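Asks: Here's a structure for you.
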């Protein structure tokens, strides 16, 4: 109902109330047919008055209603409770005092107003006790962890040194997937599941960790992770390359522990010396090939005769390719 309609209704009711007062004071004819007609006329008069004054009163009434809606909940509760107690007590006292000579409706009205004012004043003094419990804010920010990063396990060390700020969220469907892996008959899947659960235990000791029971929309686990991270305004931590690409499409911030590890790996420079296991021969004559811990290939000139041996080599050249860095080296002096 619009505010203007409330004004019309209020003035119509005022007209009916005025008719009742005039009847009680004997200022209207007491004929039943005329009483009904006079009530109708006064109600219509009130309605017409409302139509005339409504546009002017609407703005002021809207401002008052807006102010009432902005009142703290504890003030509304205290005022309502105080008014109710005051009115109930006024009804009781009016019933008891009705037989007292000289006690009129005016006295009853004044008594009611006084009691309501008194109990509202008292209730507002204790409004802190009527304060409603504030709803727990929905979690925001932090990091959402997926299955791949838990199975990897390095996220626990990263969190332990403080590189993952904010709360860590593990969706219940990710935990369920880890449990399914841990109960698998496949030894490899079972080992992954148990490693993921062990990572969770270490994470609880390193950072605030909470299992989210929320089930976001989406059919696949990847879609649920993306929607959940977006709803929480959180970053998604994953080692899944396809999921990282989907996160960019969905506009979700994504972090990769694998990318962090690659960024922090020591960078070999020309002239550096290292021990390298020669695994196979290279494409060119007398070349041997070995690999660093991060998978980078090292081609050793004159290293073919050391196949199957770990020797000391000196880096002679480093090339950046699309798939990573490629190093060239030669056996150090004294290599056997």
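Cβ atoms here come from the backbone N, Cα and C positions, even for glycine.
Not measured: the values here are computed from a predicted model.
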Asks: Which residue range, 34-54, 139-159, is the one Swiss-Prot calls transmembrane segment?
Replies: 34-54
Asks: Just to be sure I understand, if DSSP states are collapsed into helix, strand and coil, how many residues of the domain 'TRAM' (267-328) fall in each?
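Replies: Here the numbers are 3 helix, 34 strand, 25 coil.
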